[in-house]
Amino acid sequence: MVSFYISLYMNMYRDLHEPALVIGGCFVLVALILSLLLIFQHLRYYSNPAEQKWIVGVIFMVPVYAVESILSLWNPKLSLACDILRNCYEAFALYSFGSYLIACLGGERQVVELLENESGKHINQSLLGGEEKPETQKRTLYNFIFHPYVVGKNLFTIEKFGLVQYMILKTVCAFLALIMEIFGVYGDGKFNWHCGYPYITVVLNFSQMWALYCLVQFYNVTHHKLQPIKPLAKFISFKAIVFATWWQGVGIAFMCSLRVLPKERKFQTGLQDLLICLEMAVAAIAHVFVFSAKPYHFVPTSLYEEISARKIEKTLNIEDGEKSAVVEKIEAKVEVPGTSVAESVQDIVVEGGQKVVKDVVLTVNQAIEPVEKGMTKIQETFHQTSVDSEREEKQETEIKIEEQEENLTGDNRYKRETEIQVEE
């Protein structure tokens with residue numbers, strides 16, 4: 001009976017594999033063409049490096065996902081390696097998206113000033129127009145969840161920590177999964193608590209949810225400043241890729257464990273890879289509109305001193321010609337000359353890499369600092385305890401010595417009195 005089901009499944013997988021590979025390949029081709037053309041446009045018109053280096057990092061997620069998924073679909077033996085690389089780049093893409101929002105706000109210093117101003121507006125706002133001010137609100141976890149504007153500049157630190165911790169944990173867990181798979185204790189896709197898969201899934205799920213929540217809270221406070229870049233569409237398109245693909249994989253594994261779907265590793269990974277191939281084509285189309293390179297084809301004339309802007313003045317009559325107003329409008333942009341693609345790539349790799357390393361080191365130090373403080377406090381407690389015990393022992397010793405001296409003094413006095421009595 002078991003052999004019959006195995007043979008039935010193998011025949012079904014063989015019949016579905018080739019059509020799925022062809023369909024997935026067509027969608028991957030569409031995704032690659034659209035994404036690479038969009039990346040080339042950003043590299044060709046690299047007029048705002050602070051923003052575009054991170055846009056390229058976000059867009060490149062589509063080719064990475066698409067290529068790894070079609071390779072895994074073609075050869076299931078490569079599924080674990082492709083999944084590890086895909087997960088690592090997903091974490092970097094989330095970090096890139098957060099860095100892109102910071103760059104759109106003018107950089108880290110401007111973001112800190114903005115958050116401090118937002119915090120001051122709400123904390124120092126008077127009650128009912130009077131002079132009395134509300135009490136200063138504490139920057140606690142409760143306020144971060146329900147009133148993120150109160151957190152002030154600490155919100156920026158929390159947001160960066162949330163993104164970078166996910167990038168670090170995702171990479172570490174990916175390599176842990178590889179090591180566990182080598183020793184045969186990973187159990188990819190199996191909700192067996194004797195294997196490593198469910199534990200890593202729980203850790204990554206919490207880490208991802210925290211990173212996305214930090215990003216949402218940051219958006220809630222700064223969305224009015226981000227309106228020129230239409231952030232909502234960018235949020236939806238990016239989070240749909242990161243969030244949907246993750247939960248999609250977990251959902252397929254869960255349904256396979258319940259035997260709703262065939263409980264075979266090839267079928268599970270094949271279905272996930274095919275769906276990602278289809279989804280990346282849709283994501284590539286969305287990116288063409290959401291992360292378009294057209295806004296970077298032109299720059300304000302203020303960047304070019306030799307170009308003079310033309311001022312247009314119009315006089316408007318108000319209230320039957322009794323009053324007049326002069327309206328001035330100055331709006332001129334010049335087309336950006338093409339830049340070298342090689343130089344653009346070099347800036348992305350070098351400058352972007354240095355920024356990533358700096359943030360990772362800073363995040364690790366922030367994570368280690370409380371541990372170091374805790375260890376220092378424990379050592380100080382032990383040291384104070386040992387000093388107190390030494391003092392107590394010393395005091396007890398002194399008391400014993402004093403008692404012995406008193407006893408000796410008393411014995412000598414008794415001897416003298418006895419000798420005097422005998423002599424008498």
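These residue numbers are counts, starting from 1, taken along the chain as shown.
The backbone N, Cα and C atoms fix where each Cβ goes, and this holds for glycine too.
Within the same chain, residues 52, 55-56, 59-60, 62-63, 66-67, 69-70, 73-74, 270, 273-274, 277-278, 280-281, 283-285, 287-288, 291-293, 296, 341, 344 sit at least 6 positions outside the transmembrane segment (20-42) and bring their C-beta atoms closer than 8 Å to a C-beta of that stretch. Sequence annotations record features per position, and here TrEMBL assigns transmembrane segment to 20-42 (among others).
Residues annotated as transmembrane segment in TrEMBL: 54-74 (among others).
Annotation source TrEMBL lists transmembrane segment at 163-187 (among others).
Residues annotated as transmembrane segment in TrEMBL: 199-220 (among others).
Feature annotation from TrEMBL assigns transmembrane segment to 240-261 (among others).
Per TrEMBL, the feature transmembrane segment maps to 273-293 (among others).
For 382-424, the entry in TrEMBL reads region 'Disordered'.
As annotated by TrEMBL, compositional bias 'Basic and acidic residues' applies to 388-402 (among others).
The compositional bias 'Basic and acidic residues' annotation in TrEMBL covers 412-424 (among others).
Tallying C-beta pairs under 8 angstroms between the transmembrane segment (273-293) and each of 54-74, 163-187, 240-261 places 54-74 first. Listed as Cβ neighbours of the transmembrane segment (199-220) (distance under 8 Å, sequence separation of 6 or more from its ends, same chain) are residues 94, 97-98, 101, 144-145, 148, 155-156, 158-159, 161-163, 165-166, 169-170, 173, 176-177, 193, 226, 231, 235, 239, 242-243, 246, 250.
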